[in-house]
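Here is the structure we will look at, set down as structure tokens.
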């Protein structure tokens, strides 16, 4: 536990670990507000805004997964865009080519990406340093051409159109998809929250902060890291399946290395190793280009780049860290 | 806390907008995006990315719409034209189509560019019953697939183009032995299959075919391979980058001097200039638009109007570019469709775009008109051969009406629509 305690200044693991910073006092009220907003929004937002909000949730799930590798384990993955793509294509091919009912395609996507994550992570994680980044980089580079080659199954460069899930309970299609995605996102959050305080979660933190000390304490680095990586890839794959339901169309060019980099930027902008980080990061990587595009079609790249620089310099703990600091300041002023 | 609640209340007070359903004579039809004084349409083009050269199409469209708006609009309605960038990626095209339809609430999608983007957007347009008018791609399926009535093409299909080449060879070289270089995708297969069927029953023969992938670095090997076949005609079904290579390799082989047929997709004068005019003399292609720079266009009033409008409204565009002419021509056809609507509704637009009777457009070659109707979803089906002489394309022979010569284009049984 020493390693964990030593690391708390950088990344908190809760009150038990010696974190003495004040807690946000209105936890339940805030949670209730967020929950009610999440339920009310689909009935008030115009359809396109709701689509964008759904995409934010989809990216949130992927970022939660990526954060497990980058934030909590301190490794670099350049392949999460590819895992996202594999999940998206697993779902799309099953629905469009084999007529599988869409709810069944999510477990399939989860299983496929869990296996792929395990296979890619197992050898790479035994090696130290940048090897994981290299192996995942290779996965990200190989996927789009591979998808184009398997044209009979994937539709090649033309992509695949997937019929949208039909709205149930009197909801419109887009509202129904939103609630499906919302439920999965909530479950993803619950899973990640449970992990943070659990034995494997603490083991990961220990391995990140001081691998030698952690191994002395009897923590098997390879086992924990491989499991973490496989779960992380699975989160990305599930997000991919949700993406297919939301967007209704997949093509190889959507899942290039650029997506992996975008996800990585999202984790950093949101804040590493936090629960709020992925939501804020997903919001930032989707909203910033969309808003910038309103002003100038060429602006998104420049604005996103500047934002990333600004975050790294001004708020190295990301938007989540910034938020925490602001709230903390507010609390102190009250006291 | 109070502010938070206020914000929430504000959000709640908004309401979900739906489609605008018309009443009266056009009861039940959808009139979203059109008012008594304006009509909003959206187009999706590759403004960035590898195919950004085609962005010039949007300039021609903008020039024509601005020209129409300044002369009073269409039946008193100003055309508001929104241009979006898909970087030639179908997934982005779908996203932009979604934004145009749901967020900007356009009346119709006027043009998507490229077969992949158009195919992807077509499904979206079909599901939301939004017209997707005069798409900028020559794939045959826009015309043969009756299950997607909201989408219609514009330019002669690749099959029509192949038929003109077959017709030309049957007339001028009845014993031609043809070698084919083609891009291994829908575009290449569409044109090659069309050519195969069009030469059926003539004595023209295909003696060799070689394909390349768009990801290949070069087609040098393929062309050398085709040269070994001893064919006297080379049918070059490639996109500009590869066409430039094929032309250069062909010119560099003194022992093989076939008639080089360059497909329309690659026949841009700028590309030929880059290869070198001396090396491309005698190359032939098929076209359907006027060349604004040609001497025979000098005192054509329609070309004069075109040049003046392009210089005035899109000064950054190159008025001699075929893409700009293409955008202008398609936009003019769209205005004719708007004029033909019986109601200000999407349903009426769909009906009007499928009921055009020999509509004449300023920048089409003399003798070529736009026609659609029941059983004919191909607006332009006539082309004229042209030979490269000096520094430009010179028309050869008359206009070939491929529908009259070969009959209507049918769906390829292999493609299943």
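A Cβ is built for glycine as well, from the same backbone N, Cα and C atoms used for every other residue.
The transmembrane segment annotation in TrEMBL covers A:29-45 (among others).
The transmembrane segment annotation in TrEMBL covers A:51-70 (among others).
Residues of the same chain lying 6 or more positions beyond the ends of the transmembrane segment (A:82-100) and with a Cβ under 8 Å from any Cβ of it are 62, 65, 106, 108-110, 112-113, 116-117, 136, 139-140, 142-144, 147, 153-155, 160-163, 233, 236-241, 243-245, 250, 252, 254-255, 259-260, 263. Taken from TrEMBL, the feature transmembrane segment covers A:82-100 (among others).
Marked as transmembrane segment by TrEMBL: A:106-125 (among others).
Here TrEMBL flags A:130-147 (among others) as transmembrane segment. Within its own chain, the transmembrane segment (A:130-147) is flanked in space by residues 75-83, 85-86, 89, 116, 120-121, 123-124, 154, 156, 229, 252-253, 255-257, 260, which lie at least six positions past its ends and keep a Cβ under 8 Å from the stretch.
If you look up TrEMBL, you'll see A:176-196 (among others) marked as transmembrane segment. Through the fold, the transmembrane segment (A:176-196) approaches residues 13-14, 38, 42, 50, 53-54, 57-58, 60-61, 64-65, 67-68, 72, 106, 164-169, 235, 238, 242, 245-246, 275 of its own chain, all at least 6 residues removed from its boundaries and within a Cβ separation under 8 Å.
TrEMBL lists A:272-292 (among others) with the feature transmembrane segment. Through the fold, the transmembrane segment (A:272-292) approaches residues 11, 52, 55-64, 67, 70-72, 189, 192-193, 196, 262-263, 265-266, 299-300, 302-304, 307, 317-321, 323-324 of its own chain, all at least 6 residues removed from its boundaries and within a Cβ separation under 8 Å.
Annotated transmembrane segment per TrEMBL: A:298-323 (among others), in sequence order. Long-range contacts of the transmembrane segment (A:298-323) within the same chain: residues 265, 268-272, 274-277, 280-281, 284-285, 288-290, 292, each at least 6 residues beyond the stretch ends and with a Cβ under 8 Å from a Cβ of the stretch.
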